[in-house]
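Notes follow the structure.
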Amino acid sequence: MELGHVVVLAGGLSYEREVSLRSGRRVADALRALDIPVELRDTDATLLDALATDPPDVVFPVLHGASGEDGSIRDVLELVGVPYVGARPDACRVAWDKPTAKAVVARAGLSTPESVALPKEIFHDLGAASVLDRIVEHLGLPLMVKPTRGGSALGASVVRDAEQLPAAMVGCFAYGDTALIERYVEGTEVAVSVIERGGEPYPLPAVEIVAAGGRYDYTARYDAGDTEFVIPARLSPEAAERVTAAALTAHRALGLRDLSRTDLIVTPSGEVHFLEVNVAPGMTETSLLPRAIAAAGLELSHICRDLLIQRFT
Amino acid sequence: MELHSRTDAYIGRYAARAAGMVPSEIRALFAVADRPEVVSLAGGMPYVSALPLDRIGEMIGELVARNGAQVLQYASAQGDPVLREQICEVMELEGIRANPDDVVVTVGAQQALDLVTKIFVDPGDVVLAEAPSYVGALGTFAAYQAEVVHVPLDDGGLIPAALRETLERLRRDGRRVKFLYTVPTFQNPAGVTLTAPRRAQILEICAEYDVLVLEDNPYGLLGFDGEPMRALRAYDSERVIYLGSFSKTIASGLRVGWALAPHSVRAKLVLAAESAVLCHANLSQLAVREYLATQPWREQIKDFRVMYRERRDAMLDALETLMPKGCTWTRPSGGFFVWLTVPEGLDTKAMAPRAIAERVAYVPGTGFYSNGDGRRHMRLSYCYPEPHRIREGVRRLAGVVEEEIRLRDTFGGVRRDDRAPGGVDTPGPGLV
């Protein structure tokens, strides 16, 4: 089947706009290498008219952050009747909200660190100090604080000392109105991407992330250069099987489609904990999914093309 | 087989001077600021649309058609001789008497800054700069591994007593100060201007401690009231190296600036320029020469002043009407910028994402200090958005600050010093 017109959607107005633009260019270049005509577009006021006037065969959304991952752009693509790569809107909404996604995968049998999700209003109403005290009392230390919705570790921080908690909360609320405060599990940080081929989810090799200074934050992800990736992750054979199984379970339980990336922590004793899942994983030159594709001996361009063809009806 | 890789395969090979060349997550947020939905009070872009673009287009076309063999050729590293004479005429407006032989044309004043730092600063040398100071200069000083020591300013510009105190302390510590870098007129980012009496005092103190002065003056002709101030260079031709630019008086995209330096320094600057770029872009130089020779540039600057004054007024009115209690700001009498101080316990860097979510952008104060200070400040620019957009931007910003005050009251005014050091917090030059 020949693709005549593909739109890659990148940019948007989220905090991750810059990353998305980089991801979008990477996907567009990969497709152009196969002589597939690609139009790289931002989500702006001209988008719907353009989609109506010259409907593409398929859209490849590479939008990170809100609207790209919360299902809303995909809802609009459904409204205009254009096929697209990736999860359906309802599944995106569940995956995008970290506490909801954690609850779903927990029901499917995965372990996930104990947590509480609280909007900033509750701290205003009940008094921050007493709420934070209860959190530390209940969950202990260290804690991971991050916005319930969002990616690229923006607004996320590890709290090892209770005195750092108010600052971490303020940093988190800069990026969203609800905070997920999670028991921080020490271990090996691993990302497992899943791509669907012929309707079947296919797990890619696990990528181990070793961040210099132990923080895989925004800078470590995209700029600092000192983050090391090891593929496949240095895990026992049993743990390696468990992380792959966990990513497949998350992909299926959340009803995802085409591609996803699940972030996990593996404790020294080999326990696997689900942290979060991404429905529009980063595709930049430093991102995890393209690394996993390459490590599996596959070509990013072929994978992108195959995903498009799957949706081209 | 295990495959090991890094986000940057070249890590470990970079020179030590590249260590700070890392954008922060805040810089990534500015990617959103060029979208029309966002009111950007962040960029420092001059409003070049106000220029007679059709006339300039014709002028450049004729320049190439008539004199292409020269225009499209290499030229001298010091810069076109006629342009250097014209630059001296421009500087006369600020009381400077100069010889065209002592002028070096550069790729914007930014390159002049780079060249001066290159020929004077060894790693570890001290450079004095205002607190806050121009971010582009701080980047240059960091690239040459200078240690920047900030000297406070107030509404009257750099504070002479603080300068003396700093120099005295550094002398006691046996530190070598290579120069004082200052933007005395309509300062970037603070918008303040060094008063005339302080100009004399600052130069006296620098003479006493034998410190060179690097005067950066891109906004000097963009004053809103009265005649231009006398530049520091007008008081002292031996101790002051003067940097000028056509970026704000003509067009930033032409990238034509200059350095006026004492003769021996000038000789080194020419050689340094030659090793950096061989020669300046001749098309740009000759376009500026032609513009100055054939277009009513003085009237154009007057038009710019009127326009920027209207925008400054719009910003000050909106701040007065809308900002929550506890915020203070400077009242510039020229240039592009207002420096806003938020109430204690607030952090402009931490609240930047919320501002972007509310579709308004500013530059957090941390970008204008080399030591992590500036969290209670932000730079607001009024040069680019039209007045109604400025008002809307300030309205959105006021809401963000109010919410931040509420958050501070909830969590007790925390300091965020424990957060990871950020890298470069400021937008690139092409930001709207």
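In case you wondered, yes, glycine gets a Cβ from its N, Cα and C as well.
Annotated active site per TrEMBL: A:GLU16 (among others), in sequence order. In the three-state DSSP reading, A:GLU16 (active site) counts as coil.
For A:102-309, the entry in TrEMBL reads domain 'ATP-grasp'.
Residues or ranges marked as active site in TrEMBL: A:SER152 (among others). Secondary structure at A:SER152 (active site), taken from DSSP and collapsed to helix, strand or coil, is coil.
The Mg(2+) 1 binding site annotation in TrEMBL covers A:ASP263, A:GLU276. With a cut-off of 8 Å between CB atoms and residues at least 6 apart in sequence, the same chain places A:LYS98, A:ALA101, A:LYS102, A:THR262, A:ASP263 near A:GLU276 (Mg(2+) 1 binding site), listed in sequence order.
Positions annotated as Mg(2+) 2 binding site by TrEMBL: A:GLU276, A:ASN278. According to DSSP, A:ASN278 (Mg(2+) 2 binding site) is assigned to a strand segment.
The active site annotation in TrEMBL covers A:SER287 (among others). Under 8 Å, Cβ to Cβ, and six or more positions away along its own chain, A:SER287 (active site) finds A:SER23, A:PRO281. Secondary structure at A:SER287 (active site), taken from DSSP and collapsed to helix, strand or coil, is coil.
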Rounded to an integer, what is the Cα-Cα distance in Å between A:ASN278 (Mg(2+) 2 binding site) and A:SER152 (active site)?
10
